[in-house]
Amino acid sequence: MVEMAFNYEVIGRAIWGDLTKKVAHDQLTTINQETLAHIKAFNDQISMDDVMTIYQPLVQYIRLRYQQYERALVERQNFLGEPVLKRPFVIGVAGSVAVGKSTTARLLQLMLQAEFGEKSIALTTTDGFLLPNATLKARHLFERKGFPESYDMEALLTFMTKLKEGAEELRSPRYSHEISDVLPNTYDTFKEPKIFIIEGINTLQATPNAPVYVSDFFDLSIYVDAATKLIEEWYITRFKALLARTAQSGDATNFFWPWTQMPLSQAVEIAHNVWQDINLPNLEQYILPTRERADLVLHKVSGHQIDQVWLRKY
Ligand SMILES: Nc1ncnc2c1ncn2[C@@H]1O[C@H](COP(=O)(O)OP(=O)(O)O)[C@@H](O)[C@H]1O
Ligand SMILES: CC(C)(COP(=O)(O)O)[C@@H](O)C(=O)NCCC(=O)O
């Protein structure tokens with residue numbers, strides 16, 4: 001049996017946190033008050049200690065990788081005697097449902113925007129490429145939501161191809177956790193970003209019947225990891241927050257409304273069952289086995305604190 005994580009350099013929080021101190025001062029991004037305010041406004045639960053200790057060195061590392069990427073692109077086009085193309089540097093973020101992928105991706109977007117400019121950094125999620133709930137139900141796939149067959153992988157691969165071809169304008173369908181469905185005719189649009197972040201449970205998965213993987217389009221991949229029991233806890237906390245928001249809105253058409261009309265303990269029990277029957281098997285069978293594909297693993301412990309960063313050696 002091959003030991004897990006054997007292909008990674010496992011770097012503890014304190015050592016990782018010290019890395020930016022070794023970067024020449026003129027290259028160091030200082031997180032200004034404005035960026036901190038944006039982060040707080042987006043999620044006030046995010047620890048500022050994590051922002052400084054984990055994310056600041058990570059942004060430095062991404063900048064390094066971005067510079068290497070740009071150089072390689074110029075050298076390749078020079079070799080071919082062709083003009084240099086505008087191809088975004090693509091970062092994929094993977095991990096379980098509710099592990100914190102979208103929070104990590106948004107945090108990275110805000111921090112990279114401070115460095116590269118707001119318009120340069122775009123973000124989308126593969127949730128938008130899920131088949132709509134009505135289609136999943138019609139195909140008897142609703143209990144398989146999040147599993148590979150519940151996505152329109154062809155549309156996702158077409159999107160990735162256009163993105164890397166440097167399309168001038170591009171759009172991706174939007175998913176809403178509030179209604180737990182893809183929003184009809186609602187898109188995010190992108191105009192030639194320098195860095196494109198795409199997050200989703202399936203970003204490192206193989207694509208059945210297609211010659212390429214989504215991750216073939218990535219220049220850097222990140223897997224957000226944690227013990228399964230903790231992720232289940234975070235899933236339930238998020239569920240309760242969504243219920244509270246729905247109850248407060250008084251919107252009886254909301255997907256979560258029926259759960260607001262029963263005792264909380266009963267609703268939470270249903271959520272535990274959804275975790276047990278859908279999201280946990282998906283994690284064990286399809287998501288966790290992709291972890292070792294990632295260039296970098298952010299390992300979380302209680303309270304979402306990152307205790308280790310794993311950097312792939314080979
Ligand atoms: N760094 C963090 N600090 C505090 N809470 C977090 C952090 N990351 C995620 N969360 C919370 O954990 C839950 C799941 O996070 P989310 O980003 O929605 O996960 P995912 O996109 O992987 O499903 C949410 O309630 C979110 O607010
Ligand atoms: C949309 C998802 C597949 C992916 O979610 P995410 O990683 O954004 O949390 C997931 O949230 C989901 O809906 N799973 C199906 C079972 C459930 O309702 O949780």
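Keep in mind that glycine also has a Cβ here, set from the backbone N, Cα and C atoms.
Whatever TrEMBL says is automated annotation, not expert-curated.
The average pLDDT for the domain 'Phosphoribulokinase/uridine kinase' (90-238) in the predicted structure is 96. The feature domain 'Phosphoribulokinase/uridine kinase' is assigned by TrEMBL to 90-238.
Residue environment of V99 (ATP binding site) contains 26 other Cβ atoms, counted within 10 Å of its Cβ in all protein chains. Summarising the annotation, TrEMBL assigns ATP binding site to G95, S96, V97, A98, V99, G100, K101, S102.
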- Query: Apart from G95, S96, V97, A98, V99, G100, K101, S102, which residues in this chain have a Cβ no more than 8 Å from the mean position of the Cβ atoms of those residues at the ATP site?
  - Reply: I201, V224, I231, W234
- Query: Per 10 Å Cβ neighbour count, which of the binding-site residues G95, G100 ranks highest?
  - Reply: G95
- For the binding-site residues S96, S102, which one has the sparsest Cβ surroundings, going by other Cβ atoms within 10 Å? S102
- Does DSSP give V97 (ATP binding site) helix, strand or coil? coil
- When DSSP states are folded down to helix, strand and coil, where does S102 (ATP binding site) land? helix
- Candidates G95, S96, A98, V99, G100 (binding-site residues) with CB under 6 Å from ligand 2, in sequence order, are A98
